[in-house]
Structure formats: C-alpha cells, structure tokens
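A.B. asks: This structure is in structure tokens; I'll ask about it shortly.
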Amino acid sequence: MNKPKSARFDLLDGLRGVVALAVVTDHISRINGLVWAGGAWIAVDIFYVLAGFVLAYGYGHKILGGMSFLQFATVRVIRLGPMYFIALAVGLLGTLLAMPQISVEDINHLLKVVSLNLAWLPYFSVAPWPLGPGPAMVHAPVFPLNAPAWSMFFQLFANFLFFYYLHRFRKHIPLWIGVTALLLFILGTVITRQTNPGWDSSNFFLGFGRVTAEFFCGTLIYSLGIYTRKFPAWMLWLVGGMLLACFVFGNSRVLFVASISLMPATLILMFSVQIEGWFKRLCQKLGDISYPLYIMHIPLWQLLYTQMNVQIFSPALRTILFGALCIAVSLALVRVDNVVRKWLTTRLTFRKAVVAA
C-alpha cells in the first residue's frame, strides 16, 4: 500500500460527534431516571473501528518506514493524554466532593485508584463510586475517577498491538486475522452473553476481544482499499438510518448484531459521500469536540451534582441543560487540547519525526 494522500473525512468526523452526543445523552438521562438513547453504548464500537482506520491510514506507512515504538507511543499519548488527564483531575475532585465521609479505607482506595488510573491502568474493585449512594455513583468501574476512560485503555492497547504487528511482520494486518478476531469475539459474546464488555470488573477482560475485532475491522477497511469504493448515497441513508434507530430502539442482541454489521457498513458507505459548505464545517466541529465531550461528561456531571442544586430542574431539563453545558465546555477544551499538544510536541527530542494527529 502506497503512502496515502493527506485527507480529512468530514462526514466521519460528524459521525464521531453525533455518537459522542448520544453517549452523553444516554448516560445523563439514565442518571436522571430517563432512557433517551439506550443503545448509545455501540458508540464505543464505532470509535474503535474508526480508530483502526485512522491509525492504518495515518501511521501504517510510517511504521513500515521505520518509525520507532517510542515515537509511535509518544505521538499517541500526546493525542489522547491531555484530555484524559484533565478529565481524571476533574473526576478526582468530583469524587472527593461527592464522598459523604472519608475513612481510612476510603483513602487507601483513592490512593490505589489515583496511582493506577494515572498510569492509564484499570482498578479492580466491586466498590461503588464515589464510595456512597447517589446519582453520581457508578458500580465497580475499572476507571472509578472517570468511568468512560475504560475505552481509552483499550484504545491504547489496540494502538500498540497494531504497531507490534506492522513492526514485526512488515505488512498490514491480513484479512484472515481480522476475520478470526471477529469470529472469536462473536463466540465469546454468545458464550458469556456480555454484549457491552470492558467497563467494569466483571467483564473487563472481554474488552480485549471487543477492541481487537473492531480495531482490526477498521484497519482492513484501509488495507483492502474498501474506503476507495463508491456506493450510491441512498444506501448510506438506508443503512445509516437503521443504525441510528438502534441507538434508541434496539435491545442488547439487536445492538450487538448492528455493531458487527450495520455499523461497519455505514462507515464504509460514508466514504462515498462528499460534503461541502456549512454541513462540512458542522461535521468538522463535531469531530473536534467528540473526544472532549466523551471523556469529560461524567467527571463534569459528578462535579456539578455535588456543587449545584440541580434538583430544582426536571429530569428532562437537567439532561438538556447539562448536554448544552458539555458542548460549551468541549468547545473550550478543544483549544486547550490543541495548545497543550503543540507544546508537548515542540519539546520532543525527535519532534521533527513526530506530528501529533
């Protein structure tokens, strides 16, 4: 595969933003006793497939051309790290403020959690967080200071697995490995009946199969050249519409089937659609805020819930107002993220070889 031309896939950026909004809507509406986007958990699967494509498209030729692991790891941490650690800090503050009281045992838990989560590692415990009842509590998450951060752990794992394969075998991941990973993922899901694994202590290790199958699917979309094929636009609106409907109406089995069929099909069809004007700008902006929106919404909610009398609003209004606040905060954090990433990149000893993207 030759070195690809630089390009931005604007419609896919827009999708990232839309599904990030769906995740926020799902989580916050549930906290407020509502279920507005019960199928939004397959957004994580969309992120993984997109990440696989983006890594293969943007870094495959660099790795095959001699990029070192240190260079690759640094560029990925620069891309994901600033928002991860900012969200972690907000999550720690929110946890401290939400805890009804602090015991010696709680302090021990916190020290372990902070140490592991700072190292981007999971914490296994059945304890509810933030160590007490309430709408801000999450039960047994492996990243207690910011529950959605579990997916970023698996994101890094898949990134490093991708680097290892290309560096070791000097070629892109072949079709048979991708198909094998998918079949093993399906088999594991059927046996365990866990359709949304990876986020808590009881199903964490199943997350490795989930991310591997979906990330490899994304790399195959690139390496097999599928993204260059053209399809009629009506196919996208049909298949994409069915996928979006699953966000609201699908049960867990329907959603799982959609995540391995409708979802990759929608992404492939999106490459055929060119957008311009205000819609293109909107999609670019949605793509920009997708990561801060996803990684910050739970810490931000926990912090606000402990410091503001949100109960004066109805559950629906709380959900809507918080969603709007998340968007505003994410727009500001995009600028912060860009500044921090540029600052870190300019201070790398091999900065000429590394571009945080």
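Cβ atoms here come from the backbone N, Cα and C positions, even for glycine.
Here TrEMBL flags 12-334 as domain 'Acyltransferase 3'. The annotation transmembrane segment is assigned in TrEMBL to 34-57, 77-98, 110-129, 149-166, 173-192, 204-224, 231-250, 256-279, 291-310, 316-334.
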A.B. asks: Which stretch from 77-98, 110-129, 149-166, 204-224, 316-334 shares the most C-beta pairs under 8 Å with the transmembrane segment (34-57)?
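C.D. replies: It is 204-224, which has the most Cβ pairs under 8 Å.
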A.B. asks: Near the transmembrane segment (256-279), which residues from the same chain, at least 6 beyond its ends, have a CB less than 8 A from one of its CBs?
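C.D. replies: The answer is 9-12, 14-15, 39, 42, 45-46, 49-50, 53, 182, 185-186, 189, 195, 213-214, 217-218, 221, 226-233, 235-236, 239-240, 242-243, 246, 250.
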A.B. asks: Do at least three C-beta pairs under 8 angstroms join the transmembrane segment (149-166) to the transmembrane segment (231-250), pairs 6 or more apart in sequence?
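C.D. replies: They do not touch: fewer than three Cβ pairs between the two stretches lie under 8 Å.
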A.B. asks: Are the transmembrane segment (77-98) and the transmembrane segment (204-224) close enough to be called in contact, which here means at least 3 C-beta pairs under 8 A that are separated by 6 or more residues?
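C.D. replies: Answer no: the transmembrane segment (77-98) and the transmembrane segment (204-224) share fewer than 3 Cβ pairs below 8 Å.
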